[in-house]
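Q: Below is one structure. I have some questions about it.
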Amino acid sequence: LPQIYDSPTLPIYKQPTQYQVSAEKERQGILGELKSEKVIKKMGRKSSMAMAAVFVVLASTLTTYASTTYTVGDSTGWQVPTSNSNLYDDWADNKTFVVGDNLLFNFITGEHDVAEVTEPGYDACTNTDTISTDNKGPVKITLKRNGDHYFICTYPGHCPAGQKLKVQVRSETGDTTPGVLSPPRNAASSLVVTISLVFVSIATFVLLC
């Protein structure tokens, strides 16, 4: 008798139910939301890192270009020297003053003042050619130009006794020619260049991540 072989059973395609279609759409939607959330979080992390880099570099840049405030006479302050009439000359000798730096004169109001004068006024202890006078202590004076600056106390007898100060101010390049105006440490142009480099670096970092 001839052998009879069973024919293989073919799979029967079933139309997905409405519930299955809805479930699949919901699953795809959830996956899409999760993917979008991951992308947003990744972008947020990149933005946070980029902003952190901006603040760090700008902070270091601003620190680099910050001016220095010198307290005239240090702990002695601004007063008539009691033993050394060259007190303030000696104080200024070991310091380098740059355009943009500040001089802080500590004194008691009513007992002293501080006047910026010309070289002849400094030498003669007279205030006939006074550039500016401040009589309320303490006084902070910004050194806005390079060259020599002269300060005295105009109270009778104080300047001849040694209450006077001469400082030599340099620009960033070291020029001390009187009357040559210079921005503090050339901060403006250098800061623009630094900020430009920061943003270029951040853009490169974001693209590579």
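Keep in mind that glycine also has a Cβ here, set from the backbone N, Cα and C atoms.
Nobody curates TrEMBL annotations by hand; they come from automatic prediction.
In case it's useful when we look at the structure, here is the feature table from TrEMBL:
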{"type": "TRANSMEM", "residues": "48-66", "note": "transmembrane segment"}
{"type": "DOMAIN", "residues": "68-171", "note": "domain 'Phytocyanin'"}
{"type": "TRANSMEM", "residues": "187-208", "note": "transmembrane segment"}
Q: Can you check how the pLDDT averages out over the domain 'Phytocyanin' (68-171)?
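A: On average, pLDDT over the domain 'Phytocyanin' (68-171) sits at 95.
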Q: Pull the DSSP breakdown for the domain 'Phytocyanin' (68-171) and write it out as helix, strand, coil residue counts.
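A: Helix/strand/coil tally for the domain 'Phytocyanin' (68-171): 16 helix, 38 strand, 50 coil.
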